[in-house]
Amino acid sequence: MGNTVAREDFEWVYTDQPHADRRKEILAKHPEIKALMKPDYNLIWVVVLMVLAQLTAFYLVKDLDWKWVVFWAYVFGSCISHSMTLAIHEISHNSAFGNSKAMWNRWFGIFANLPLGLPYSISFKRYHMDHHRYLGGDGIDVDIPTNFEGWFFCTRFRKFIWIVLQPFFYAIRPLCINPKPITRLEIINLMAQLIFDVAVYYLWGVKSMFYMLAGSVLGLGLHPISGHFIAEHYMFLKGHETYSYYGPLNLLTFNVGYHNEHHDFPNIPGKSLPLVKKIAAEYYDNLPQYNSWIKVLYDFVMDDTISPYSRMKRQLKGEVKQD
């Protein structure tokens with residue numbers, strides 16, 4: 001339980017991320033993949049149905065005993081909430097309405113954000129684009145843990161606590177690593193969320209509010225779907241920076257598990273990423289991959305050589321452009 005992991009710093013690398021070069025190679029060999037670079041209009045209806053499902057749940061839990069409110073918040077609400085954060089991830093790539101209607105995607109992201117209870121969509125978009133452009137970039141990519149996280153969460157028990165507290169670290173990390181001035185859209189996102197939260201409390205009371213907020217926190221913490229946070233970029237195998245997951249939970253997460261494919265082609269919606277893998281199988285079949293996010297979480301905690309430090313990190317050179 002008290003074993004300390006061996007790693008004492010990040011894995012510093014002095015090469016560019018592999019995704020841009022692989023994208024060029026694949027497109028030269030399989031130009032038909034360009035046909036997949038188009039919006040997924042079905043995403044709009046899926047998100048609307050998810051919002052309606054949560055509104056229905058808010059109503060249904062308002063008079064339940066607290067034990068059942070907690071139960072449904074974890075069993076159902078957490079799945080919908082985490083799935084909605086990944087719908088927002090899709091929307092941040094303009095997958096709902098396309099690049100020609102970028103603002104439509106921003107407004108739709110604010111709408112999708114509502115049943116999460118906490119404003120998230122607009123800020124996520126700004127930081128997530130940095131993650132793609134400058135993967136592992138020191139002081140830029142806020143998907144990389146802080147030095148404190150790597151230093152402190154260095155035993156099995158502490159790594160377990162770190163997983164439980166993932167929502168907190170994802171919220172606070174941008175303020176520590178790469179704070180940005182607040183934009184008008186972020187203020188609108190905040191105000192829309194406050195109005196929605198007050199309406200939920202006024203209409204259905206404290207149990208519905210608890211269900212909404214607890215579902216978001218629990219869904220992003222100790223939850224099977226949260227295995228994707230670690231599976232995507234934590235270095236279980238030295239020299240490999242991004243990993244794909246091909247298990248059944250992709251059905252709930254807009255195929256975010258196809259993560260090598262996503263970083264190679266961030267402008268292809270999640271719905272089409274399995275086709276990318278099928279067309280360019282020779283590039284993906286032999287890369288390290290997972291079939292269980294639960295096993296990823298277990299291995300992360302129990303493997304004494306893995307910690308929040310197990311990430312590739314780069315010192316960026318030249319001009320850095322951020323949103």
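In case you wondered, yes, glycine gets a Cβ from its N, Cα and C as well.
Taken straight from TrEMBL:
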DOMAIN    5-43  domain 'Sphingolipid delta4-desaturase N-terminal'
TRANSMEM  43-61  transmembrane segment
TRANSMEM  68-87  transmembrane segment
TRANSMEM  107-124  transmembrane segment
TRANSMEM  187-204  transmembrane segment
TRANSMEM  210-231  transmembrane segment
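Between the transmembrane segment (107-124) and the stretches 43-61, 68-87, 187-204, the greatest number of Cβ pairs separated by less than 8 Å involves 187-204. Mean pLDDT for the domain 'Sphingolipid delta4-desaturase N-terminal' (5-43) in this predicted model: 93. Secondary structure counts, DSSP: the domain 'Sphingolipid delta4-desaturase N-terminal' (5-43) has 19 helix, 2 strand, 18 coil.
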